[in-house]
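Below: the structure, in structure tokens.
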């Protein structure tokens, strides 16, 4: 990597920084930068500061999420409140404003499809005008809207939420799961992202972590995390491929594992290819068949579509282990002739035919990744499968045909990523000392130069963290400011790539064009997020450049979302407190009434009536429980319990005295009998 960098620097250095390209002389009004000599500086900084407390590893998935922590040298996947090791990445808002996360949200999706958000990870860090987003708007029942900054947000009951907020609500559930297990606050986290996520998507994921109250120590790539889970206890040196086909994204990474060093050689993928697309393809097939048989079009009925969507997902999963499944949805819809039921058989071969194009889309990225890593399939010692979709036999066969070997099933495809994130958390905390992770940036990073050309500063598959600099000059006489547009992608023209942000450097002393020397430095951190600084070499004065990104969340946005998340957390705490108090009160009422019936002969009638009045008051309080605090309900329940205990204490004393009287009376009679016998 170093030698390649030096070679690139040697080729580029030599054009005098004071010269301006001829093209600059023919473009009046150009306020950007001329393309001048390069100076590259490479930096690798893998050390981390000591972290206090546990670091949780979170796989924030498109369909499901998972959380793990290190216990000694082993990572442990944690069960949520429902007893499951994975949590659906689903968030819903009910009509009364209640927020549901995970399985409770997924269960009510059929009756509340317009306000139940799923697969929002596909929207994170994306613009509303992105073709993929526009495609998604036609496939989901909830509203995807254009935010004021042009990003894609979602809407429920008239309120707008950023995808980062929805992700934060899922992360809060993961955080709560970890805290319930640890018994204390979980503050630090490592969160995973698809390897092919760009800078905006990575930053938006970090924002989600911040909104949820987590300190995100590192954002790492999902295939890399899975490789850590696979190779932590392996001593053999080898090159492996990680084929990760999850709910919403596809990644392929080629890694070399050597004596505890996990070096990513290349990565590739598709951030809009996953299980959701397989579900959607099957849904379209079912809807088409239903219309052919009944003449009824289901596309306008969101509730019916949600039922079909859930049935499609279930059928997809069943066909991984069965060769045929039945899809039965009674009373799916109705027309003038009456109710309509959906009954159809689906074979594995039929399903494979429906999704064959989706599976084929994973082949080209795999071939490109091997080409970039300069390895052939014979060099790869193991192929690891990650993501729920890799359970599909046709996917496994495709992988085997592609790499010439049967894929390994050494890791759990649903849990490996979270386990790897926890291991990386252990590395950062200093608990795991024999592992070094060298990841790469998935996409080239550069700037727009004269004529709209995309000039690459950092090439794709460069090991991160890395730091590179380039010297620029002005393109016009007397120019006092320059505009720098930072882009990410592989196209030759800047306009065809993803615009990450633009910077304006002001305060340049007026001088003839080509004279000022402005050194712009791009610093790509271990999270794959870029930071930029600039220095006027003539004056030695360093300027701070703030990204004027056209999208993304501002600092104020994030602070407001943090407050909203805290508000929801407080509401959740109050709700939980109220539910626990209601359960306690209902238990006390039940126990009191049972004991009153059991001891009715021993209890004074007037005291019983008083207690019955207390129970009636308690029931009245429970009838308006939604407007009462948990503390009020708990206090009232405690008062009822104290009153009942006093009454039952009287009953016990009465019963005890009666038993004693009965016992002494029996003893006296026995003595008289013995006396008579002796006489």
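Yeah, the Cβs are placed from backbone N, Cα and C, and that goes for glycine too.
As given in Swiss-Prot:
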REGION    1-432  region 'Interaction with NFS1'
TRANSIT   1-46  transit peptide
BINDING   63, 64, 313, 316, 320, 388, 391  ADP binding site
MOD_RES   135  N6-succinyllysine
MOD_RES   138  N6-succinyllysine
MOD_RES   206  N6-succinyllysine
MOD_RES   206  N6-malonyllysine
MOD_RES   206  N6-acetyllysine
MOD_RES   300  N6-acetyllysine
MOD_RES   360  N6-acetyllysine
MOD_RES   368  N6-succinyllysine
MOD_RES   408  phosphoserine
REGION    432-679  region 'Interaction with FXN and ISCU'
REGION    432-441  region 'Interdomain linker'
REGION    442-679  region 'Substrate-binding domain (SBD)'
MOD_RES   513  omega-N-methylarginine
MOD_RES   600  N6-succinyllysine
MOD_RES   612  N6-acetyllysine
REGION    656-679  region 'Disordered'
COMPBIAS  669-679  compositional bias 'Basic and acidic residues'
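Cα distances from residue 600 (N6-succinyllysine) to the recorded positions 63, 135, 206, 391, 408 are smallest for 63. DSSP assigns residue 368 (N6-succinyllysine) to a helix. Within its own chain, the region 'Interdomain linker' (432-441) has Cβ neighbours under 8 Å at 46, 70, 73, 220-221, 224, 228, 232, 260-267, 423-424, 426, 458, 460-464, 466, 524, 526, 528, counting only residues six or more beyond its boundaries. Checked against residue 300 (N6-acetyllysine), the binding-site residues 63, 64, 313, 316 differ in C-alpha distance, with 313 being the nearest.
Comparing Cα positions, residue 316 (ADP binding site) lies closest to 360 out of the modified residues 135, 360, 368, 408, 612. Here the Cα atom of residue 391 (ADP binding site) is found 12 Å from that of residue 408 (phosphoserine). Each residue contributes its Cα atom, and for residue 320 (ADP binding site) and residue 408 (phosphoserine) these two points are 17 Å apart. Here the modified residues are 206, 612, and the one with the most other Cβ atoms within 10 Å of its Cβ is 206.
What surrounds the ADP site, by Cβ distance within 8 Å of the Cβ centroid and not counting 63, 64, 313, 316, 320, 388, 391, is the set 247, 275, 317, 389 from the same chain. The distance from the Cα of residue 408 (phosphoserine) to the Cα of residue 388 (ADP binding site) comes to 14 Å.
DSSP assigns residue 408 (phosphoserine) to a strand segment in the three-state reduction.
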